[in-house]
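Annotated features, as they stand in TrEMBL:
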- 17-34: transmembrane segment (TRANSMEM)
- 46-70: transmembrane segment (TRANSMEM)
- 91-119: transmembrane segment (TRANSMEM)
- 147-165: transmembrane segment (TRANSMEM)
- 177-197: transmembrane segment (TRANSMEM)
- 217-241: transmembrane segment (TRANSMEM)
- 262-282: transmembrane segment (TRANSMEM)
- 302-335: transmembrane segment (TRANSMEM)
- 347-367: transmembrane segment (TRANSMEM)
- 387-405: transmembrane segment (TRANSMEM)
- 426-447: transmembrane segment (TRANSMEM)
- 453-472: transmembrane segment (TRANSMEM)
Amino acid sequence: MATSTSAQPRDTWGSKLGFVMAAAGSAVGLGNIWKFPYTAGESGGGAFVFIYLLFVIFIGFSVMLTEFAIGRKTGLSAVGSFKSTDKRWTFTGVLGVLSGLLIMGFYPVVGGWALAYIFKVGGGLLSTPEAIGDSFGGFISHPMQPLTWMGIYLLLNVVIVMKGISGGIEKAGKILMPLLFVILIIVSVKGLMLPGAMAGLEFLFMPDFSKVDGNVVLAALGQAFFSLSLGMGCMITYGSYIKKKENLVQTTGMVTAMDTGVALLAGIAMFPAMFAFGMEPAAGPGLVFVVVPQLFAEMGGAVGLVLALLFFIGLTVAALTSSVSLLEVVVSYLIDEKGLKRSTAVIGSSVVMGLLCIIASLSLGGVGPTLFGTGVFDIFDLLTDKIFLAVGGMLVCIFAGWRLSRSDLEKEITNDGEISFPLFGLWYTLVKYIIPVAIAVVAVMGIKSGFDSGKGAIMLLGIGIIVLTGIFSKKL
Ligand code: PHE
């Protein structure tokens with residue numbers, strides 16, 4: 001069982017591999033397999049991928065290490081870790097909890113799609129390949145169907161998080177993540193063998209920088225943060241469960257590499273096939289649900305069916321190991337800071353998330369409120385991925401660089417000098433100076449482009465929410 005208050009000794013991960021797999025489980029999810037390919041497709045391909053990789057290496061790695069170090073040092077979750085050091089920083093944690101809540105306002109909708117596709121594939125979806133595209137469009141805009149699946153998906157989260165951290169999450173991740181990886185490799189090989197597939201690889205890996213604007217750069221930064229589960233206290237919370245003798249640098253390296261590897265592999269699995277099928281790279285959020293089933297249909301027979309089933313089972317589990325980490329951020333805040341029982345915290349927060357998801361899901365069928373012409377699903381996505389996570393990551397770096405002492409950080413990261421980390425100085429400089437400035441520059445560029453593409457008002461709304469969080473979080 002996980003601990004309930006910070007006064008008790010904190011539950012730690014069962015084994016080293018268990019922790020790496022759990023953190024990788026949080027990172028690898030819909031962000032890699034659903035979001036990365038379609039965002040790359042919409043953002044022009046190679047140049048986006050190139051910038052995303054730069055951000056992962058120079059920003060993502062350092063921010064993840066920072067979050068692990070803060071979490072393990074304080075032994076507290078998102079809000080408590082800041083609050084216990086300096087009350088004025090509480091708002092950074094609160095912003096993280098808010099991000100968790102909002103991401104969980106749309107993530108389970110997509111998780112529900114993945115779950116539904118296990119049954120759709122089982123029910124004969126692959127036997128009519130021509131209908132796969134329309135079937136997806138019809139499904140997500142249907143009022144009730146996706147809501148039912150979302151509800152079931154959310155319930156699975158509740159069951160896992162209710163059991164506490166090392167019970168459910170660790171086991172599921174250990175078995176199903178490697179399986180998903182293998183299936184992605186099989187799908188990639190199959191896709192690459194199709195005639196005309198090379199154009200897809202070129203699209204994905206040959207940068208055409210004429211397609212880059214502020215929007216693309218911000219999308220790449222947001223993708224790096226979203227995919228690595230950064231900027232919202234998730235890795236701080238997970239870090240608080242890491243044993244003192246674990247090597248944080250190595251763990252960060254492994255998690256970052258796995259996450260990025262899966263994203264690239266998902267791209268390789270999808271783009272060659274798309275080009276071979278003559279589909280549009282900018283097909284949007286339906287990409288994985290349309291291209292992958294078509295590929296399996298192409299394989300035909302029992303092999304195609306079994307692989308398709310395993311793929312969507314794997315995708316659902318990958319999504320689950322991520323969404324439970326999002327839920328855990330909100331839940332551990334309610335337990336640690338508000339003194340709620342785990343069961344009350346889990347049920348209370350998932351009811352709110354469920355309500356947000358209902359509005360988000362309906363918005364895809366054109367039902368419900370819009371703001372500046374944008375539906376709720378997209379608003380939650382834009383606010384978190386394009387604004388809150390990046391700002392959260394920037395604040396984490398400023399906190400570590402300017403509020404914590406260099407020697408404390410060095411002690412935490414090197415386990416009191418036991419582990420050598422020759423790049424400590426570089427990491428520290430990145431965290432203290434370069435990353436905050438880089439994020440600020442990207443954010444300003446992105447907001448400017450946001451205005452050009454009609455999304456500026458939502459970005460301003462996001463900044464407004466951050467300011468309000470700053471003002472009101474003193475009460476939390
Ligand atoms: N990284 C997860 C994914 O790629 C999503 C996530 C974001 C999880 C932020 C936790 C925190 O699907």
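Using N, Cα and C of the backbone, Cβ positions are placed for all residues, glycine too.
From a predicted model like this one, the values you see are computed outputs, not experimental measurements.
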The transmembrane segment (46-70) vs the transmembrane segment (217-241): 3 or more CB pairs under 8 Å: yes
Close approaches to the transmembrane segment (453-472) from elsewhere in its chain (Cβ under 8 angstroms; 6 or more beyond its ends): 91, 94-95, 98, 215, 371-374, 379, 382-383, 386-388, 391, 446-447
Long-range Cβ neighbours of the transmembrane segment (147-165) (under 8 Å; 6 or more residues past either end): 1-2, 11, 13, 22, 108-109, 111-116, 172, 241, 316, 319-320, 323-324, 327-328, 331, 342-343, 346-347, 350, 353-354, 357-358, 361-362
Per Cβ pairs under 8 Å, the stretch of 217-241, 262-282, 387-405, 426-447 packing most closely against the transmembrane segment (91-119): 217-241
Considering the transmembrane segment (17-34), which listed stretch of 177-197, 302-335, 347-367 counts the most C-beta pairs under 8 Å: 302-335
Result, the transmembrane segment (217-241) in contact with the transmembrane segment (302-335) (3+ CB pairs under 8 Å): yes
Segment-segment contact (the transmembrane segment (262-282); the transmembrane segment (177-197)) at 3 or more Cβ pairs under 8 Å: yes
